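Trainee: Have a look at this one before I ask anything.
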Amino acid sequence: MWPLWLVASLLALSQALPFEQKGFWDFTLDDGLPMLNDEEASGAETTSGVPDLDALTPTYSAMCPFGCHCHLRVVQCSDLGLKAVPKEISPDTMLLDLQNNDISELRADDFKGLHHLYALVLVNNKISKIHEKAFSPLRKLQKLYISKNHLVEIPPNLPSSLVELRIHDNRIRKVPKGVFSGLRNMNCIEMGGNPLENSGFEPGAFDGLKLNYLRISEAKLTGIPKDLPETLNELHLDHNKIQAIELEDLLRYSKLYRLGLGHNQIRMIENGSLSFLPTLRELHLDNNKLSRVPSGLPDLKLLQVVYLHTNNITKVGVNDFCPVGFGVKRAYYNGISLFNNPVPYWEVQPATFRCVTDRLAIQFGNYKK
């Protein structure tokens, strides 16, 4: 019988999309569980699968770096003050945890022989230099977590087997064309917390990628980046400096289920902009500078959650959220947040929320000048 901690770790690594995981590994930022877990979204989940637990048989190898904990095919070397990747790592290792150390460089032979490595965790080190051949031996690597380091560029020659890349909280200012070439299996990139501006994305930077999830939060974006993958189901651009959403900004993202634009400076959403998102279910526009409810919400038949709190909205019309007359909405709202807006909620007509599942799903009040 496999130890519970190992099974839980493997399942978390293999199935979790890019939201907060707490416990043994701290890989991510600050969101909840992915919404893409129902029948219509099942196709958006990662296709990487779970590692074959039957293959994790004890090897009883004496190879274990000094100070590390090695069990089955998991090597944990976190929080040891390491200056470099340790030697004597068993070649059959599948999970290698090197987070919270002082590693500053990845050399050409650091991962030599680790052909079975599935997940590599390098979070919270001081890595600023990566040799172009450092990842060459990692033929089966699917998860690379290299957030909270000192990188100024996306690492070269990433393994073609890679499914998930977490590279947030570094110093990256540019995403050049071709940097992701050959990564046909990639479906998740987390690159928030880098000083990226719109001009930092070269045309064709994401060519060839079929991403389900992309987060570029806490950057320096002033608009929605152009030419992101059309396959996206989730796009998170929160905590930027975006000021407006223009008609063509969302034209190519018809497969979005969740769009995160909270904590920006958005004052204007051009009429018709949201009409290109027929499958949208969750829309985050909280903590912006909107003066009215965006037009087009009643036409989004699958929309269930809208965050509009902490804006400058002064009025809510009776047809701002729900279709008129016999208009069909396939999924009723289960969450509309309007609190911390100067809306006289006692003047809002009850029929405004005729397509909401429960009155408790509507959040008003708590506005302070």
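Please read every residue number as a count from 1 along the shown chain.
Glycine is no exception: its Cβ is also placed from the backbone N, Cα and C atoms.
Annotations for this protein, taken from Swiss-Prot, read as follows:
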type     : residues  : note
DISULFID : C64-C70   : disulfide bond
DISULFID : C68-C77   : disulfide bond
DISULFID : C322-C355 : disulfide bond
CARBOHYD : S42       : O-linked glycosylation site
CARBOHYD : S48       : O-linked glycosylation site
CARBOHYD : N271      : N-linked glycosylation site
CARBOHYD : N312      : N-linked glycosylation site
REPEAT   : 83-103    : repeat 'LRR 1'
REPEAT   : 104-127   : repeat 'LRR 2'
REPEAT   : 128-151   : repeat 'LRR 3'
REPEAT   : 152-172   : repeat 'LRR 4'
REPEAT   : 173-196   : repeat 'LRR 5'
REPEAT   : 197-221   : repeat 'LRR 6'
REPEAT   : 222-242   : repeat 'LRR 7'
REPEAT   : 243-266   : repeat 'LRR 8'
REPEAT   : 267-290   : repeat 'LRR 9'
REPEAT   : 291-313   : repeat 'LRR 10'
REPEAT   : 314-343   : repeat 'LRR 11'
REPEAT   : 344-369   : repeat 'LRR 12'
SIGNAL   : 1-16      : signal peptide
Trainee: When the number of other CB atoms within 10 A of each residue's CB is tallied over all shown chains, which of the disulfide-bonded residues C64, C68, C70, C77, C355 has the maximum?
Mentor: C77
Trainee: Considering Cα atoms only, can you say which of C64, C68, C77 is the nearest neighbour of N271 (N-linked glycosylation site) among these disulfide-bonded residues?
Mentor: C77
Trainee: Below 8 angstroms Cβ to Cβ, which residues of this chain, lying six or more residues outside the repeat 'LRR 5' (173-196), approach it?
Mentor: 17-18, 28-29, 46-48, 142, 147, 152-154, 156, 158, 160-167, 202-221, 236, 239
Trainee: Under 8 Å between C-beta atoms and at least six apart in sequence, can you list the same-chain neighbours of N312 (N-linked glycosylation site), or say none if there are none?
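Mentor: Result: K289, L290, S291, N341, P342.
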Trainee: By a 10 A CB contact count over all chains shown, which of the recorded positions listed here is most packed: N271, C322?
Mentor: C322
Trainee: Using Cα coordinates, what distance in whole Å links C64 (disulfide bond) and C322 (disulfide bond)?
Mentor: 61
Trainee: For the repeat 'LRR 3' (128-151), what's the model's average pLDDT?
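Mentor: Mean per-residue confidence for the repeat 'LRR 3' (128-151): 97 out of 100.
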Trainee: So, by DSSP, how many helix, strand and coil residues make up the repeat 'LRR 4' (152-172)?
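Mentor: Going through the repeat 'LRR 4' (152-172) residue by residue, I get 0 helix, 3 strand, 18 coil.
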Trainee: Tell me whether C70 (disulfide bond) sits in a helix, a strand or coil according to DSSP.
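Mentor: Looking at the DSSP assignment, C70 (disulfide bond) belongs to a strand.
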Trainee: Rounded to a whole angstrom, what is the C-alpha distance between C355 (disulfide bond) and C68 (disulfide bond)?
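Mentor: Distance between the two Cα atoms comes out at 56 Å.
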Trainee: Return only the integer: C-alpha distance in Å from C70 (disulfide bond) to C322 (disulfide bond).
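Mentor: For C70 (disulfide bond) versus C322 (disulfide bond), the Cα atoms are 57 Å apart.
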Trainee: Helix, strand, coil: count each for the residues of the repeat 'LRR 5' (173-196), based on DSSP.
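Mentor: Tallied per class, the repeat 'LRR 5' (173-196) gives 0 helix, 4 strand, 20 coil.
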